[in-house]
Protein chains: 2
Amino acid sequence: MSLKVGVVGGGQLARMMIAPAVELGIEIEVLAEQESMSASLAATQVGDYHDAEVVLSFARDVDVITFDHEHVPQDVLSALVDAGVAVHPGPAALGIAQDKLVMRARLAELGMPQPDWAAVSGTSELQEFLDAHGGRAVVKTPRGGYDGKGVRVISAATEAEDWFAALAEDARGGALLVEELVDFSRELAQQVARRPSGEIAVYPVVETVQREGVCAEVIAPAPHASDRLSSVAGEIGRAIAEGLGVTGMLAVELFETTDERLLINELAMRPHNSGHWSQDGAVTGQFEQHLRAVLDLPLGDTSARAGWSMMVNILGGPRRDSLESRFAAVMTEHPAAKIHTYGKEPRPGRKVGHVTVSGDDLDDVAYQARAAASHFED
Amino acid sequence: MSLKVGVVGGGQLARMMIAPAVELGIEIEVLAEQESMSASLAATQVGDYHDAEVVLSFARDVDVITFDHEHVPQDVLSALVDAGVAVHPGPAALGIAQDKLVMRARLAELGMPQPDWAAVSGTSELQEFLDAHGGRAVVKTPRGGYDGKGVRVISAATEAEDWFAALAEDARGGALLVEELVDFSRELAQQVARRPSGEIAVYPVVETVQREGVCAEVIAPAPHASDRLSSVAGEIGRAIAEGLGVTGMLAVELFETTDERLLINELAMRPHNSGHWSQDGAVTGQFEQHLRAVLDLPLGDTSARAGWSMMVNILGGPRRDSLESRFAAVMTEHPAAKIHTYGKEPRPGRKVGHVTVSGDDLDDVAYQARAAASHFED
């Protein structure tokens, strides 16, 4: 009689759903891509999520299917829905997350604030956009990019020639996305959760710091955020979750411009790195909230549990020893740090864990979190 | 290369070690007594912990063996130690927890404050103790009791005749424990953690409320506790952990008398119900702390994360439906409640979960926690 969630994908996001599932008393099963993944503890099956038969058989005895990532193909999602499986987020919402051109078009329909953008199918169209936007722009492949992959800042259309060539060979064809280069003062992220029955819970807006296209740090709440800014960010999150019919967690990555406008950068329809602070820093962490949302259970309190929380990612460095071998040093010096590691082999640049620290003095919180994380990166 | 903890016993205490193990990135394996127990998710083996061969084979590839309960027989513990397995808490400390007469004698050697007590091997000795202590006393079987089992308040020695008869047939023979009935104003509990290398971490002393011999509620920290009281409680915990060589979590159940003395009631050498508040209410919860302690890792910050936390146990009631079927009502009315259920069939009087609430207003915290828990008990 207990509730059972099936998670497609065995990465760290699936792993981080295990703890709140165990605490609440929800059963969790994972369809992992291979053995020995981050979420192996809950893996009941290893198989290819591109194969509808595999996913259907995995889904047979769960109450809802949700995801570690947004890459499950539409035909597999449709097969699940056709078989009567509850799927959250659903195929329509995921379809928007899977294609950045579709996302821009849908956000435009919703009247959401965005950078100028265009779909360009060749170098001349791209050059036109560049010429109209000061000679520099961001070009993105609509599909398959993450953590800065599939994103280039260019100043000449020829710099995207290889991507146009690849598109020409892609059966789905299509175009590249080009966006104006936004003069932002900083980046923010807004987490919201939405249940199928409509309830929405909004988290405090946070500041994110990226390095080389990868999230490095998150400060919650965003320092110096005016009430107006926080409220606008929350309204954007709410409007997107409703407008796109998102179920589960939604992360909206935002640019804040020097004139305090907010422009939407990216969307993620799942728990997201910019929300990891909430595991320790909010009454209801994003992984618990995601489980509640996809099961259509009432959502938890999103309040911060301390004045400030800071999350710092741990990236693999040149050292090849395990992260656990460094626990003693971190724990001795930073007894208040909450350490999260993902059971992944540390490889240079790979996200293998994170640290959060909460407290009332932001300087101290930031110092502790960075110092704790740095022990893992020598 | 990752750290691996093996837990003997598949109950809810083992279950609640899973979440912090997953978060830290520690591997956890459980030797469960049977299929479908609370900690099944991490169960790698089902077997009888009374069988040294079974436990030795389970222990083969872990870094340390620890326990869901204190009932593993001494010969099995010795076999582990002889095989070079790290066992925490160790056989000597567990031996004290396994026999209340041994515990009383060792606490007396340490000069710890206790109720008057005696070992009595027959009704005449027991009657003598009763006569010397106002005609009423508490009699306990030294082994095997928990949650009020094996404990009787008596006013005549004949009320323990059946236990004496049972002792006479027990190969280990021995005596019953009799203790003065303490005129306490309330019950407290002190959690401490100790690493094999000696470091000790002391939690805030808490108030516990028992109903029919079973822990019903815990308030952290204990209301109206003077600095002196808190500090004495902490010193008692520290002295016992050191004096008895406890490794891992230790819970000391205490009586506070009307004249503000503290007398030791019971000990538990493991995470304990009176410490569940710390999962949500302390920077480092007792289950994370236990893992750190038994792995001889530096201990985490034991500070409270809010002014007040309250834990209310969920006991099975007459209803036979699952706890999850009541999630919607609890979550709707109490979005700030942290719900923990143990994956156990609700049977009347059985501990099947708990709820914690944290905040700055004790009245509100207590109201929310009790109201949330009560939804599970109709």
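Heads up, the Cβ atoms here are built off N, Cα and C, so glycines get one too.
Small disclaimer: the values here were computed from a predicted structure and weren't measured.
TrEMBL lists B:LYS100, B:LYS140, B:GLU179, B:GLU180, B:LEU181, B:VAL182, B:GLU187, B:ASN265, B:GLU266 with the feature ATP binding site. DSSP assigns B:LYS100 (ATP binding site) to a helix in the three-state reduction.
Positions annotated as domain 'ATP-grasp' by TrEMBL: B:104-295. If you average pLDDT over the domain 'ATP-grasp' (B:104-295) in this model, you get 94.
Sequence-distant neighbours of B:GLU266 (ATP binding site) (same chain, six or more apart, CB under 8 Å from its CB) are B:LYS100, B:VAL252, B:GLU253, listed in sequence order. Each of the binding-site residues B:LYS100, B:GLU179, B:LEU181, B:GLU187 was scored by the other Cβ atoms within 10 Å of its Cβ; the lowest score goes to B:LEU181. Largest Cα-Cα distance over the residues recorded as binding ATP, namely B:LYS100, B:LYS140, B:GLU179, B:GLU180, B:LEU181, B:VAL182, B:GLU187, B:ASN265, B:GLU266, equals 19 Å.
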